[in-house]
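Peer 1: Found this in Swiss-Prot, in case it helps:
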{"type": "DOMAIN", "residues": "7-182", "note": "domain 'PNPLA'"}
{"type": "MOTIF", "residues": "11-16", "note": "motif 'GXGXXG'"}
{"type": "MOTIF", "residues": "42-46", "note": "motif 'GXSXG'"}
{"type": "ACT_SITE", "residues": "S44", "note": "active site, nucleophile"}
{"type": "ACT_SITE", "residues": "D169", "note": "active site, proton acceptor"}
Amino acid sequence: MAKYRIMTFDGGGTLGALSLQLLNRLARQNPKLISRTHVFSGNSIGSFTALALASGRSPRETLQYFEDEILPAFSISRPGGPVFNQQLPYSGFIKAVRNFFPADLQLIDLRKRIVVPSFKLYSQKLDRWTPVLFHNFPGSPYLNEKVSDVILRSSGAPATQRAYQNYVDGYVVATNPSTASIAFAVGKANVPLDQIAVLSIGTGEAPTRLRRDTRGWGMVSADNIRPENLKNLPPNWGVLLDRSPNEPLLPFLQMIAGGNGYYESMVSANLLGDRFFRLDPRIPNFSKTDPAVVPAVIEIANKTNLQPANQFIEKNWGSK
């Protein structure tokens, strides 16, 4: 059995329902799963899950609040978003996150270790922008940060939501924070690599692809600026309006988010071998900002075969 156990949660907006339902099924079948986990880490909506668990909330309670209070914040979509306008008003999401946690709850107060990626648009100390990995390991400069602020700093996805306190969504750093979590376990907790196990729970693997000639593409086209006819816009790396169902709407941004998620899994698997397990069921190309997809996402989570994950948990978290 591994001596140091980490659980990670990807970003993914409304698709966070998938990872939460998978977690609920796993926790029911493995009652000691949460109590025997040393580190919870997550990005964007995954940071909400991670810090909820680290603060002592149950998977069931977290999922229920997600469905009742977090999802409604995604129900209002502004005209033109996310291409020509910020897609979602952020105020509802901010209120929902703040209401779930005590107003004065700080990272130092959490029962478990956490790692949450974000990206700071300007650091006065460095005089540039910079990745940030919020954590509460000993010596952390972030111990007095409010839990709700850390979640919101990790969740402001460019084009979908606005920056929060000069921070944007952690997906520009790590959609899947598993490698960062391993690094903190080794570097901050002094745990040998061969004693670490990671259960990494995603928000669904979609068949996103781009199979067209990209010669001549820029980030935007002149016709994309105040367009008169959206149907005749030329394709580019910034936005692809004439797309098939499995092509990305925002090619460059979605490559960053999707690519680094796969990369993190590859690196973590190479570091840990069979002590790394990725649970990320295949899903259709669902919207990450549409609450209407949640029933279908929950159904996929309920039909996912958890036997391999349960075997991994039994081996590395201990018997039920």
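Quick reminder: no glycine exception, Cβ is built from N, Cα and C everywhere.
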Peer 1: What does the structure give for the C-alpha distance between S44 (active site, nucleophile) and the residue listed as 'active site, proton acceptor'? Integer Å is fine.
Peer 2: 6
Peer 1: Would you count the other CB atoms within 10 A of the CB of S44 (active site, nucleophile), including those on all shown protein chains?
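Peer 2: Other Cβ atoms found within 10 Å: 31.
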Peer 1: Name the residues of the same chain, 6+ apart in sequence, whose Cβ is under 8 Å from the Cβ of D169 (active site, proton acceptor)?
Peer 2: G11, N43, S44, S118, F119, S154, S155, G156, A157, P158, Q161
Peer 1: Helix, strand, coil: count each for the residues of the motif 'GXGXXG' (11-16), based on DSSP.
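Peer 2: Within the motif 'GXGXXG' (11-16) the tally stands at 4 helix, 0 strand, 2 coil.
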Peer 1: How many of the residues that make up the motif 'GXSXG' (42-46) does DSSP mark as helix, as strand and as coil?
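Peer 2: Here the numbers are 2 helix, 1 strand, 2 coil.
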